[in-house]
Ligand SMILES: Nc1ncnc2c1ncn2[C@@H]1O[C@H](COP(=O)(O)OP(=O)(O)OP(=O)(O)O)[C@@H](O)[C@H]1O
């Protein structure tokens, strides 16, 4: 045999013996490996993405089109702690319909090549660190149904080609750094401010914020409501636009002159300072430069300087409590309006801009069972959150502190507190966009007003202050005794870990005992284990708080059953907060409403 033939045969043998399957991988399989190579897979979730395994359709997170040469249909890898970047190779997966990589730690830009995946229907990249802009030819994804790029660091203009995506039904671009005018064109005209919230530099009709020219005059005025909202909006020609801008500039200039005249003559310094979202720079005190006050839920009826003066004068006598995030003060205004001020101890690793943008979202949340965030003040030496003041204090105080003459919580108060807290939490989980996982549900975060209506406090703070960098809560922020086992283990908070804490709260309401009460801790149990033991022994009467004499067996059983389901060791078996709420409304509040409201009217 010739030498050349021998070498050739040896090569064939080596290739077949040592890498038999790599030859069998299809183009999509090879592409997935290229994608894996730019991902930082800290948890090793992609361990079965191997070049020797030709069945790439069975790899973690991958599904393929049925019976179609193993073409990849979806990549589903949310909450996997993946870092790194999305490889431009993604564009080779031309049959890809769903890409879900939300709540990871991906960075870099969204590759332009992604727009080669022209069959894409759902794109979820929420909660990462993507920078740069949206690919300008995103309009090529003509089947796109869902586009969720919220909570990243994307910037630049919103490409008008999105307007061409006539199948787009859900679009969330909130909490980024997008800027400029939102094109009022095609399908883009059909989305309202919820799709754009948390991008302070965006303007346009959808966010009801007029855009300004370089001279500072508004050029986009809110459109009148019309049936044309769903069809592409006709835009004025450049010539007309020029004339319009010119005319408005002259008008605007005249207006500014008149206004500044009136301004200096008629308005006092104080009134000027009261403007919302005003950066307040105190001229008299150069140290105070950079002081900033932002108010939410409409203006507070005080000038900025009044508020800042009050904030600066808070001292030890005003302290009402302190917690993991800092000290809480009571601030009383001259007209006796009272607020709670939380001074944040933690240093903020992220930029003030990111922090304030996220706060703006929290400030926009409004529900009867949540404590209103009314404002934020950045002083040179501290950062302060301003909340509505809840006079009765916390549920923790009412249940466990006997120092002051406190009223006893009867059974119907406790049911009302359970129901209201469930309503507040269900709102955070199911009605807010982006949804808010509380991470620290406990009795000291349930504050009560004079009507015993509960208000959940501190929502959103855990994510904002504990783990600003990661966009997902990977550090345990909650309080021992209330924490779900999987949250303790993985450090990853979810709605279901909030449900667990809510279950513990229910037990606390029933038993009147803290979840870490020594009577069961010394027996090696937590409140959940203790309750289960008593229930097994059919000792219901020992479970109920002795001070609570009006508890009826029917509602008690429902609450205990619900608490048991909420504190199930397996997070998947716990109900959602909407289910919890439904059950409470049906089983606890409906059967005998007259009884409930009669006893409630005692307050
Ligand atoms: N809006 C408010 N109105 C009235 N009192 C408040 C208000 N917010 C907080 N407090 C009081 O301040 C105390 C401390 O609150 P804070 O939320 O800082 O700590 P915590 O709830 O005990 O712990 P954590 O920081 O873990 O949530 C509360 O127990 C409560 O009594």
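For all residues, glycine too, the Cβ spot is worked out from N, Cα and C.
Since the structure is predicted, the reported quantities are computational estimates derived from the model, not experimental observations.
Among the residue ranges 243-263, 264-284, 285-305, the one that TrEMBL annotates as transmembrane segment is 243-263.
Checked against TrEMBL, the range among 6-27, 28-49 recorded as transmembrane segment is 6-27. The 10 Å shell around the Cβ of residue 342 (ATP binding site) contains 22 further Cβ atoms across the protein chains shown. Over the domain 'Protein kinase' (314-589), the average per-residue pLDDT in this prediction is 86. DSSP assigns residue 342 (ATP binding site) to a strand.
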